[in-house]
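As given in TrEMBL:
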type: DOMAIN; residues: 28-288; note: domain 'Protein kinase'
type: BINDING; residues: Lys57; note: ATP binding site
type: REGION; residues: 336-378; note: region 'Disordered'
type: COMPBIAS; residues: 349-371; note: compositional bias 'Basic and acidic residues'
type: DOMAIN; residues: 448-526; note: domain 'POLO box'
type: DOMAIN; residues: 545-629; note: domain 'POLO box'
Amino acid sequence: MELRVPRRRGAQEPVASFLRDPNTGRIYRRGRLLGTGAFGRCYKLTDMSTNRVFALKVVPRGRLSGLDQWGKRGPPSRRQVEREIELHSQLRHRNVVGFHGHFADRDNVYLVLEYCSRKSLAHVLKARKTLTEPEVRYYLRGIVAGLQYLHQQGIIHRDLKLSNFFITKNMEVKVGDLGLATKVGPGGHCHGGLCGTPNYLAPEVVSRKGHSFRSDIWALGCIMYTALTGFPPFKASPLPEMYRNIRDAHYPVPAHLSPNARRLIARLLAPNPADRPSLDQVLEDDFFTQGFTPDQLPPRSCHTAPIFTIPQPLDKLFQKATQLFLAVTQRRAPRSFVPKMPTAPAPEDPLKTPREAAKEGLSHPPHKAEAPEGQTRPQVPYLETPIHLLLRRSLRGRSLRGHLPGTEESPGIPGDGAEVVTRLLQNCLDFMPAGEQDPPGRQQPVLWATKWVDYSNKYGFGYELSDGSTGVLLRDGTHIALQPALGCISYSPVQGEVVTFTWRDIPDSLATKVAVLQLFTRYMQRWLLEGGKLPAQPSLSPGPGFSLLHFLKSDQALLLLFSNQTMQVNFYHDHTKLLLNWAGEEPLLTYIDQERQATSHPLGVLQRHGCSEALRQRLRYTLHLLWTF
């Protein structure tokens, strides 16, 4: 007598070892079980005629209900499976799991999908506990690309989570499992049912107002948070409390996350869908534009944290120039890259220039950049913290090198401009009345640095201006720039001297530096996004003598000072920026707020009428940065 083990209630029937697709006649061999989901299982599948490997999603017919399960977390309906097949079969994108066919027999419905041998991000996180920020940027770029494609097709995924992002042999991430995906309805929303994974549900979904594209954006914030911390922002138990926290966007903020990571998570997890960024805006966030993103991750990163010694895209671009460049710099006698600061206070009489003479309305007794001995400077009100310098580099001063044959003095104001800009801000702040809001401003085209990359430990500090020209303040204290509008390359061996070349006339002695400039340019154009959008005019393109004189990094801001006395300060924590440049003979201050809106004010207007406390604090912090020169 044969003994039969009773099958557990709800257990799924075994899948045959060989399957035939009646539509194509293809024979498949079922392999090992890859994973089990709420509504089915996934197996490795091999096409017997080609040996091509796929993933097989199996949905048992016996578990299909007859009606749509809107608002219920029960088994899928026949219509839901049909909808998944209908939607997925029409999708073709490198960051969406490929759909290769479907068929059915009396027991199951089979979906033949792209095989992703590295499993899912959930498997990676289980092995790794947490991921590094460069890895998260890498994965999010792929996820956002796939999600952009879905949204362009009018599809909301509705179940974005780590286990639904699959990784190929080449470490490419793909969005998969469209079992709950649906087309948007009128107004960009779909049915108000409660479906998806509880931890990742958006406030509007919890409130049964329906899914929208911004609901997927919310899930993206949960995914980013989970990948960086190892746990979801909203715990699943008890459920009512979790839903309350979701509605209020109340979640713990780990201190170890970078400021840019915390800010992007907060933007993604905004309770109001309208306050969440679009997918394009996600990629424009400082978390991406100011952080290194690897070109590719090694397979071992599925189990152990990768080591990023040199940014991989830069490494590829610079590997041909590295040995030659280092050989050239090492042959030079060692010297400091930052000119020594004078120990005595600056002279009483300022350098008189046409611009200074024209701004009598701002002229008051000059304040020295160095405080008199025994006198202490006021504490920095901005964020109520002192200045913590991280790095400073400068173009060589004239005292470091004599005038070179073949070079000419660049036109403009004598000196490096730091003293002039310091006086302007000092005078403005000293005589500015108290104010509660900024005076009416204007839209003014300005020339500013839209991209930058700091690789000064090896090569230098590179930047791209809003007119498309690029430059590098090299590690040896010289400057080289590519100016497409002028069709030339300009080289500054010291402050105030410049020599220009056409592409045909580049001397052999500068070939390596020109190569480094080209590689920086290629890197920024390929890998970096612009930090904002401001009005621009071709007439604003710099002349051949334009160069970056100084860059200074603190723990809160980056300051750039250019040879035309344009100053730019990027504040890390809220993405705001200050630009001080010249509109004719008038100093003009442009403030870019958190919404990337730019407003320009003549500095004299601010001095007479005052400004908001937010702008005043940033001006004070900038002044303290300038005092460090």
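Glycine too: its Cβ is placed from the backbone N, Cα and C atoms.
No curator has checked TrEMBL annotations; they are predicted automatically.
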| Mean pLDDT for the domain 'POLO box' (545-629), as a whole number? | 88
| request: Go ahead and report the DSSP secondary structure tallies for the domain 'POLO box' (448-526): helix first, then strand, then coil. | output: 22 helix, 33 strand, 24 coil
| request: Quick one: give me the count of other CB atoms within 10 A of the CB of the residue listed as 'ATP binding site'. | output: 29
| query | Within the domain 'POLO box' (545-629), how many residues are helix, strand or coil going by DSSP? | reply | 22 helix, 37 strand, 26 coil
| said: Through the lens of DSSP with three states only, how would you label Lys57 (ATP binding site)? | reply: strand
